[in-house]
């Protein structure tokens with residue numbers, strides 16, 4: 001499809017004008033062809049002409065008669081046109097000369113037109129084989145192709161902070177190289193030129209980018225500095241490169257021996273709604289200071305921000321400690337799950353969480369990756385602005401830990417902006433199309449409703465623009481809090497697709513309660529010893545089954561969950577066999593939407609095979625909670641271990657659970673995003 | 001490539017929940033499948049079960065055991081799932097019933113789960129075969145494909161004014177049907193429904209569009225009004241449809257006989273940077289007022305705005321008459337060209353042009369086209385704001401004559417925004433890719449320069465977004481006025497590609513002058529009797545040849561023109577044989593760029609085979625102007641007639657010529673834009 005395509009601003013076949021009796025000087029770049037109309041300068045009495053070429057062998061001259069297509073001499077105009085080129089392998093870059101001798105019928109030369117060429121070899125080079133080598137004039141350098149057989153250079157958004165001791169620059173907009181580690185985050189680019197020692201006076205060798213791109217990258221000239229000793233080198237092209245040099249930079253070095261000048265390029269912006277992720281850098285040889293006579297172009301693609309599903313191994317877990325030991329029981333249970341998983345736990349203290357326990361909602365932990373380098377963790381900070389607001393910049397951002405956020409001050413933040421409402425599926429295959437890094441899932445209102453809550457547009461735009469985990473929008477606005485982690489999660493599982501989708505299910509809960517009643521346990525109490533709003537929360541199984549309001553509300557929620565089930569079956573290519581229903585009841589609060597009636601078991605933390613599940617406080621049958629027994633019977637055959645975490649007072653009654661109150665950093669995919677096929 | 005794709009908000013396979021001992025009522029839409037998990041409700045002592053179906057023949061029930069992929073019963077969960085569907089051809093829309101009977105080992109039925117279905121047939125339909133018929137449930141209606149074998153419905157931007165007697169609405173933003181001619185500019189859409197006489201109480205049949213699209217189209221319900229008698233019908237969806245109904249509309253009509261409700265859809269915005277031209281309209285059947293249980297979607301593409309090259313036949317020509325007979329000589333010459341072409345001439349009087357003679361610069365005359373209808377002329381009004389500013393809205397906009405403009409108040413208007421700087425090539429073929437309606441050409445500064453002049457971004461974005469004539473940006477900033485029509489034009493020509501590119505050429509002019517001098521005419525005066533800045537403009541041929549400043553400036557301009565020549569050869573697939581050089585000299589004015597030294601012959605008006613060429617006032621040799629003789633010798637063999645128009649005082653000295661001072665409306669292409677292949 002035609003779009004706003006790339007326009008090469010210098011043609012590979014360039015018109016030059018000669019004249020009889022004159023020696024014309026022109027630049028020729030190896031690989032380029034010069035084209036000159038001889039008929040317009042041929043003396044009238046000419047009957048034949050000869051071409052005399054200096055440096056035979058590496059100069060090619062061909063002369064053609066050109067008429068309009070399909071027409072002979074009668075077409076009005078037939079031109080005699082000469083094409084001159086120098087072999088690209090030519091090692092001689094000295095001046096080259098071609099003479100056109102016009103001869104009359106008596107054999108006398110009645111005029112000579114001379115073309116003197118100053119030859120250049122020029123190449124702008126990048127690592128488009130993704131092997132760490134800046135190849136020489138790779139024919140693929142001007143295009144970018146996805147897939148294992150693809151090619152194309154890659155940039156990382158350099159949004160970590162390698163200068164943390166000197167100057168905290170969380171906006172990662174500085175235009176300096178913050179030492180060798182900062183340089184590690186940048187890609188290499190080279191200019192290779194062979195030609196006369198100095199450029200002809202009116203010529204320039206100019207590196208440039210389109211104005212739109214100057215905010216998206218920064219280029220450093222590495223030949224210019226003693227890097228490791230002297231910090232403070234400036235972008236030569238980039239947002240802070242000074243008023244004159246923002247989009248272009250004139251290079252000074254041309255050498256007779258093939259000189260190579262090395263550059264470092266850093267990415268500054270992720271793909272987004274107005275940026276498809278590809279960036280072009282041009283090198284032009286200009287005549288008369290402004291007119292391009294040759295141009296070389298390389299293309300980079302910005303590495304996307306990638307999310308990690310529950311099926312990836314955990315590295316570290318996060319949760320918050322509240323003041324006055326308020327959630328100490330929770331933290332003790334939580335630590336046991338993390339210990340079982342054998343990973344590090346980070347307990348964020350009260351002075352850092354400032355009373356905000358919803359660690360899931362403030363951040364999403366992902367990563368970005370360059371070929372041949374260690375992936376860089378990058379935190380996406382939600383537009384949500386509560387106690388934990390300063391945590392991602394203040395505590396996560398640092399050396400090799402990047403930070404990104406999206407926020408639109410013209411929109412109001414709502415509960416669907418929290419990242420409990422942002423998840424990602426494991427890798428899936430749908431109707432022959434593979435999603436090797438899964439699909440992002442986020443909750444929305446239906447598009448049919450004008451007044452529903454949705455995630456902030458700029459955040460959704462950002463997520464869609466990353467391309468490699470194409471989002472699926474689910475319906476979560478029916479919930480009061482409105483987060484998809486209130487009704488779904490994924491767990492790793494032996495066999496099948498390697499995972500199961502767990503869904504909260506009122507139907508499954510009623511089936512279980514009915515069976516327990518039929519088995520004679522109707523009088524057993526659920527939620528024993530628990531309170532809600534200062535009153536006892538205890539209810540017998542029969543009492544729950546007889547509550548027709550609760551049933552009607554729960555089954556309406558089942559309907560909403562089933563709608564999401566159907567969308568996920570279609571968009572993730574799932575069968576019923578891939579889905580497990582966990583017993584759960586929901587209630588509606590007037591005007592506030594639905595919420596879990598007892599601790600919402602799908603709102604679990606998944607750390608490898610260790611699951612930290614909200615403790616449901618179900619009816620005790622034969623010394624065990626019947627809800628826990630049911631869940632164990634569904635999940636333990638998959639090789640999973642269920643830990644039940646008491647969050648009733650400290651999270652459940654505040655409308656959240658274990659998942660809402662925690663976060664997990666996971667290992668990146670083994671799969672490399674640039675190997676994806678579209 | 002994955003982008004922000006279309007998300008269908010209702011799955012074709014929908015989960016329903018049954019229960020033993022209960023009759024469950026559900027909606028089923030013909031073509032949709034219901035899916036229910038039987039294992040979760042199967043009584044424990046069941047050993048087998050039976051399905052009893054009412055209306056045998058048009059209901060299909062299949063029951064499957066589903067486990068995770070590649071796993072047997074050991075996979076933890078195996079589900080028994082029933083799939084129920086009603087044949088799409090079913091003529092019976094009455095209630096349908098399926099009973100699932102659970103049987104124990106003694107053969108007794110120990111439970112029955114009943115599914116009662118209310119069946120609907122629903123279809124949202126458009127003319128996607130482009131034959132004037134709104135087909136029934138065409139399988140292609142949800143996609144759009146280019147090319148002669150393509151499909152997809154089309155909308156016209158309804159930007160003419162059919163209400164000119166009652167209310168001039170040049171912003172064409174009204175939400176009314178302005179009579180039958182207005183309705184002619186709209187496309188038809190139908191909703192076809194067969195079902196129970198009234199919708200179930202909590203159901204809605206809702207038509208809706210994405211919020212972004214509500215400014216791009218307007219939908220009228222034609223069943224609602226006595227159209228021809230009663231004006232003032234409102235958009236049901238669209239920008240002025242009222243606060244509540246902007247994006248969605250609830251339909252009331254459902255009939256037992258297949259009812260059809262007709263809608264008219266008008267386009268309101270051309271494709272642009274943020275709008276790829278396709279629009280989706282959805283029809284959803286909602287349960288519980290908000291939850292979609294079925295969805296149908298149609299897609300429209302907005303007809304693009306199309307430019308007409310010089311090779312298309314002219315319909316009418318425009319020029320301005322200045323006060324005090326200032327340009328009477330010009331108008332007399334101009335009229336002769338138009339008369340020879342046999343078309344209408346429009347002379348815009350002083351009170352309408354308000355002293356602005358540059359008719360080419362204010363407007364570009366193009367068209368838009370719907371299948372099966374007469375193409376509609378549409379004027380693109382430039383951001384330029386001089387005397388003719390009110391002309392396009394005041395005089396061109398009207399019934400069947402549309403109006404569009406693009407303007408960004410945050411940018412300054414500069415001379416490159418004038419439409420003498422906007423042309424279009426004839427149809428071309430480049431490296432196997434065809435451009436059956438040519439390519440748009442516009443002049444810019446080089447991207448390597450930060451300070452150059454360019455056409456306003458919003459205008460360029462608009463031009464690129466039309467897709468069917470992919471633009472080529474040329475370099476025109478070297479000219480003082482900066483318009484591409486100062487150095488190039490296209491003429492129709494027998495043979496070859498059917499046209500020639502004419503380029504202004506200092507080299508050709510010097511070759512001609514030298515030849516004339518060699519032939520003994522060195523003393524003949526050029527520009528005889530003409531003045532410039534109050535002084536005589538007369539110069540002999542030898543004098544011109546000896547002027548080394550003029551030569552250096554002209555040859556520098558030749559260099560700039562050659563650059564454009566090379567770009568056009570590459571981007572339009574031209575050979576030297578397709579290009580004709582017309583003699584022309586240029587001079588540089590300090591700090592103001594280049595301008596024609598004598599009337600600029602390529603700045604001609606092309607009306608079929610009749611050319612209105614600025615009269616160059618060259619040296620008179622053998623009773624004829626040698627410049628005219630040269631031009632005739634180049635163009636007349638192509639079947640063209642050269643008329644030389646005296647514009648020296650009235651245009652040339654004001655830095656413009658015939659083309660700048662005129663405009664032409666041409667016949668549309670025979671080629672239909674939707675038949676283009678990408």
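Glycine too: its Cβ is placed from the backbone N, Cα and C atoms.
Given the structure is predicted, the values throughout are model-derived calculations rather than measurements.
Listed features, source TrEMBL:
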| type | residues | note |
| --- | --- | --- |
| ACT_SITE | B:361 | active site |
| ACT_SITE | B:483 | active site |
| ACT_SITE | B:485 | active site |
| ACT_SITE | B:660 | active site |
| DOMAIN | B:13-118 | domain 'Protein-arginine deiminase (PAD) N-terminal' |
| DOMAIN | B:122-287 | domain 'Protein-arginine deiminase (PAD) central' |
| DOMAIN | B:293-675 | domain 'Protein-arginine deiminase C-terminal' |
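Annotated features taken from TrEMBL, shown on the structure.
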{"residue": "B:361", "record": "active site", "CB count, 10 Å": "26"}
{"residue": "B:483", "record": "active site", "CB count, 10 Å": "28"}
{"residue": "B:485", "record": "active site", "CB count, 10 Å": "27"}
{"residue": "B:660", "record": "active site", "CB count, 10 Å": "28"}
Reported mean pLDDT - the domain 'Protein-arginine deiminase (PAD) central' (B:122-287): 81
Give the distance between the Cα atoms of residue B:660 (active site) and residue B:361 (active site), rounded to the nearest whole Å. 7
Under DSSP, the domain 'Protein-arginine deiminase (PAD) N-terminal' (B:13-118) has how many residues in helix, strand and coil? 6 helix, 59 strand, 41 coil
Where residue B:361 (active site) and residue B:485 (active site) are concerned, what is their Cα separation in Å, rounded? 10
Coarse DSSP state, helix versus strand versus coil, of residue B:660 (active site): coil
